[in-house]
Each structure stands twice: as structure tokens, then as C-alpha cells.
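S.K.: Pasting in a structure now, in C-alpha cells, and then I'll have a few things to ask.
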Amino acid sequence: MAGILMKCLFFLLSVCLAANFAICTTSNIPNTKKTYIIQIDKWAKPDVFIDHVKWYSSLVKSATAGEEEERILYSYQTAFHGVAAQLSEEEINKLRAQHGVLAVFPETKYQLHTTRSPLFLGLDREDSSKLWSDKLADHNVIVGVLDTGIWPESPSFNDTGMTPIPAHWKGACETGRGFEKHHCSKKIVGARVFYRGYEAASGKINERGEYKSARDQDGHGTHTAGIVAGSVVRGANLLGYAYGTARGMAPGARIAAYKVCWVGGCFSSDILSAVDQAVADGVNVLSISLGGGVSSYNRDSLSIAAFGAMEKGVFVSCSAGNGGPDPISLTNVSPWITTVGASTMDRDFPATVKFGTGKVITGASLYKGKRNLSTEKQYSLIYLGNNSSSPMPSSLCLEGSLDGSEVAGKIVICDRGISPRVQKGQVVKDAGGIGMILTNTAANGEELVADSHLIPAVAVGETEGKLIKHYASGRNATATLKFLGTKLGIRPSPVVAAFSSRGPNFLTLEILKPDMVAPGVNILAAWTGALGPSSLPTDQRRTNFNILSGTSMSCPHVSGIAALLKARHPDWSPAAIKSALMTTAYVHDNTYNSLKDSSTATPSTPYDHGAGHINPRKAVDPGLVYDIGAQDYFEFLCTQQLSPSQLMVFARFSNRTCHHWLANPGDLNYPAISAVFPEDAKVSTLTLHRTATNVGSPISNYHVRVSSFKGAVVKVEPSRLNFTSKHQKLSYKVIFETKSRQKAPEFGSLIWKDGAHKVRSPIVITWLASI
């Protein structure tokens, strides 16, 4: 644990140094205008102003000496209150002093976190329809997808047979190049674009090269929207791979596309405006597959906007990030956000490398092209690295690093890293190579991610990669590549993806993150018609579907399941939906062993998989839920040593104040339990509290089972919960008594059973060490 804490401190120091550097460089040019998000207390509006927008404008003008130039990019009025405006450092300092200004956030750049999953999740079984809505109630659920837009012609967005758009929808279908009113439908009920923050930072969008409309040129947004709520499409495939019926998690739900990401990235002022507008439009679920690092709760504009969305009853799902397997690599860690990591499914796309010696190594690939290598012939094999731990431009196959005279007519070994995987194949092809073997490094371990390469190419794990490079270092090394199509029933599965970002949550160790994992490796879903499946500009192929990997893919799986739960249980809060997903998650693979970490092939921990892998069929009937209201989350914030002015950024809607209901952050009624013993060894006992709400049979009797731990004795009082009515709440406490302080965290679980349900909460016990 000391090592983890040192990494936390190093990370915080890095953040502080970066912030100080930014402040220093800005101070040298005080008149440079930058975009800032200014949060304003809506209740402080003077009566002289007829509405908030005019007041906000007046505040900004007061800081700019009444300058006529329009500085305001956005006004926020629903999930967040305030404006985004272009101001100099001197002007923003003036504005900070104005009455009603709560906080100022510099513009932040975010990045995208970039079939079989319904069947893998048990949603295609014959009896699954009985578990969900019989009356198409999910048709009334609207999921807002914040991403790169949408390709409306995709068969995944066919609205045949759908009922009229629900009356609560207040959104719009904004038109622009390539996107007209008729592109919205009973499936795509709304489409909006947000680019003012992007243009303020990066200049005007080149409308010849990019759609300045909701049309998706990138493909990421279409893919995530298809995972959330794609309609049923039979015969879906990518160049013959993954052939079958594609459907989203909630195929009857509606999609509202909010385009916030452009060629140069996604900016916080645009994202904030999209969240604000989506809540006003009437979405029930927000799916956000992007992230931008970690800031304290009161300094994270997306976190604050998500808090406002939660207050309005909107479920917010975000990707955990693709920074794994490094610890403390999570983004989107606020407890009111559902943070989703990535895992594999039981489907793979095997390909083999056969050496001249006859030895065969198995990897993965989605290659399908005209240039196939003969499996009856051997081809020269070359590696332009030095077999040391330090990669070279040529070993990474970076652009311009390969000498055509060396690689022409050969299979080239390329190390993974720095540049996109498919781009390495293009570099090999341009240099005259005829094939590529993509080898993992220690950062990726044995995880295999399949790609739609433009050249015959096979990805292999780190161990196999070392063998291949050793073989290639000898004389007359040869190989050939073979592509075996789609294979089902892979064991073990699921496995936590190596790239999936990991905990602990260094902002608050008492809040376990990620919350759960969901399918995020090699996911088939809808695709744009503007790009080939490799996303390279040289790729002239066009497909209706593509296979991608990332927590960007796992997040919409959870968003779609949340939409199904909202349809089945319209009275459930966002916290109740999250609880149902977490307490029914499983932690064993299809070999009945503990979930494994792909990067190490060893058992994963709650820092990797959270509560476990989602199980939609169980989540619809969880038995008990741990509900959390907006005031409860605010009480959690009251434990975070925030000043009254910092707390105000979360208190704007109902003038919340701290009642100090929680003795410590671990007392938040979270479905996961994390006990953190302080450095003071005299503190040997901790007591955490939980309240369970009965959502099962009115008369239900539960008994508890708790894991044993080396370092502590864990007791639960009472050990039985006897419910006599539905929605009844019963409380219990979990008492941790230290036996011997452990250097590393210990993991286990607490399970409530009634014969029909198993309500499982992961437990983490941490003993902080003096540094």
C-alpha cells in the first residue's frame, strides 16, 4: 500500500507542477484570451435582471469593461449554472471577485476512450424477454450519447416498428452539412452539435474535411450508440468476421446524439453544454465514453455537471479509461458516476504464425484482403530492434523508420506502442513489406486485441513476441501467417482487459473504483460510412459494422443495461440502478475460477474489476439495493475537507448544507465497502454503516456471509435482515477489528442471502502506512 500511496503523491505532485507551469506561462501573456467555465449561483441573481442569461452577460461585461465583442460561448441553466466565456487572466480575476461567482474552471481537453455481447450477457436467451418489459416500456427510455456524432443510415438505427417518440422528449434535430431533419427518427430522436469551445481553442472547423453537424465521420460515436441501443440486424459482420445478429443492449430505447468530439479532441465547455442540454431535453441515461484525467471533485466540471444530472434523476455512465494496467490510472471517479472498466468475451479471432522450423504460435487478427500469404510457403522474417527493453523507432515501425531495401518482400516484426497498431501495418506496406507480426510489450502482456489491418498481420502476446524476436535474430528466419476466422467458446472468459484503467481511487480510497467491468474487447457494432474499418485514410473499404476495443465500448454496454432497468423499474433512482448492477455482478469466469487480469494472467482484484462483471439477468431482480440520494452524496462531499465555497458548487439547486450524517467517507451507502485504517496504529477498530432497501418479495429474510481476512476480524450487526414489506429499509453496521496491520490491501466480500438472491458487496481493507 505504501507503494500505491507513493504513486498517488507522485501523481499529485505532477499535477501540481503541471498546473503551476500553466499558471506561469499564462502569466507571461496576461492579455491572451482563453476559455473559462464560470459557475454562478443561480439564487444570487439580482431582481433587476429578468432572467439569468442577461445577468450572466452583465457579469462578463463588467469584467471586460463593457467591451462589445461577444465573449460568451455557452450559457448553462439545467445540470450546471453559469457560462463559458473567452477572457484574459486579468479579466477572469476581476470576475472571480463578483458576487454570485462560485468557481472558475479553465478549459480542459478530453479524449475518447477508445455481435456477441448480448448473448454473452444472457440477453438473447429465450426466457430473457420475460425478465424485461412485455409492453415495450423501454421504448420510452432515451439515452443521450456524448461522442463524435452518429451515422443515421446505419441499419442499427432502423426505427421500423417503434412507437411514437415519448411525450417527455423536448430535444431537437439540428441540421448541418450531411445531416437533415429526416435523419432523425423514432430511433434517433435528437441530434445536436457543440463546437464553440473547440473552435475557440483550435480555430474554425474545416467544413470541407469534417462534418460540422451531427454526422459522424470518426465512427466512434456510431459504434457506442449502436452498443447502447442498436436495432436488431441479422447477418451483421466485419468482412466475414463475427457473423451473426447484432443488437444493442436496449434495442427498443431511443438515442439522442450529442456531438462533442472533433478531429482535435473534445473540450470541457462543449461537453458541459451537452450534458446541460441533454438533461433539459429529457434524457434518462447519459453515456459518456471519454475522459480527461482526474481533478478534485470541486474542480472537475464534468463531475459537477454529472452531479446536477443525477439530481434530475439521470443515470450517468462513463468509461474508466484505457490507462491500464498501471494502478491509479482511473478517470471519472466521482461516486455519483458509474465508472466502467473493460473485459473480454468468449469470442476470439485467431491467427497463427508458423516458423520455418514448423513451430506454430497463435495470435489474433481481423485481416481480410486480397494480399494473402501462401500457407505452403515461407517468407523471410525481420526485426529491426535490438532485443533490449528500450524500443527503437524501427522496432516500433514508426512512420519513416523502415528502410525499404531491408524489409521489401519480408514479414516485419513490430513492437506495440506510440503509434496506432493499424498504422504500423501501413508503414510496413509502404516500405514494401508483405506482412507484419505485432508483438506486445510488458505494458500489454498477453492481451490480444484484433485489428482490421491493411496488410496480412497477426498480433501476439509478450511471451510469444519474445520467442519470435529471438528466432528472427538467427540466420534465415522465415514464417508465414494464417487467418482462422471467428472462434467461440473461448476459455477462460471474461478476463479483465490489460488496457482497462485501474484503481485505487486516489481522491477517496473509501470509494472503490471502477464500479464494474463489461465487454470492451473486440466488440462488433455499427460503423460510419465515411471511413474504412482501420480508420486510416488510405483504407478504401466500407462496412456497416466494425470491431473496436476500449473502455469506450464497455461504457455503453452498462448505459444500455441501465436503460433496460429504467424501463422495468421507472421509479428506481440512478443509485438504485447502479446498486443492482454492482451487487449482482459476478467474479468468476467460465472455468469457475476467479476473474483474471489479462496483463498478468493472475487473479484480478476489485481495483481491476470493481464489483465484478455485469450480469443483466440478475440485475433486473437484485433483491436489495443500496439507495443514495443527492443529499447523501452531498454529505459525502462534506467529509472531503472542502471549504464552504467549494461545497457551494454542488449545493446550487436546493441550497444544501452539511448535516454531518456520515462519520467518514466510507459511510456513504455505496454498494462496495472500503475500510481505510489511518496511519495511527492506535486506531484498531472501524465501523461502517449501510442501509438496504427491499425491492424483492415483501416478506424476505436475509442472512449474511463475510469473507475472512488475515489482518482483521469483520463482524456484521445484525447478521439477519427480516423485511416485512417492499421498499422497507433496514440498516446494519460492519465492524472491522485489526488483528495485524497488513502492508497490502486485503480483498473479500459481504453477501446477503435469502435463498433466491445473493446481494454481494466487495470489501477492501487498507492500512495506511507512515511515509
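Residue numbers in this text run from 1 along the chain shown.
Each Cβ is built from the backbone N, Cα and C atoms, and glycine gets one as well.
Feature list, courtesy of TrEMBL:
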type	residues	note
ACT_SITE	Asp147	active site, charge relay system
ACT_SITE	His220	active site, charge relay system
ACT_SITE	Ser552	active site, charge relay system
DOMAIN	139-593	domain 'Peptidase S8/S53'
DOMAIN	393-467	domain 'PA'
DOMAIN	667-765	domain 'Subtilisin-like protease fibronectin type-III'
S.K.: Give the number of CB atoms, excluding that of Asp147 (active site, charge relay system) itself, located within 10 Å of its CB.
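M.R.: Counting Cβ neighbours of Asp147 (active site, charge relay system) within 10 Å gives 29.
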S.K.: Would you mind reading off the Cα separation of Asp147 (active site, charge relay system) from His220 (active site, charge relay system), to the nearest angstrom?
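M.R.: Rounded to a whole number, the Cα-Cα distance is 7 Å.
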S.K.: Quick one: pull the CA-CA distance for Ser552 (active site, charge relay system) versus His220 (active site, charge relay system), whole Å only.
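M.R.: For Ser552 (active site, charge relay system) versus His220 (active site, charge relay system), the Cα atoms are 8 Å apart.
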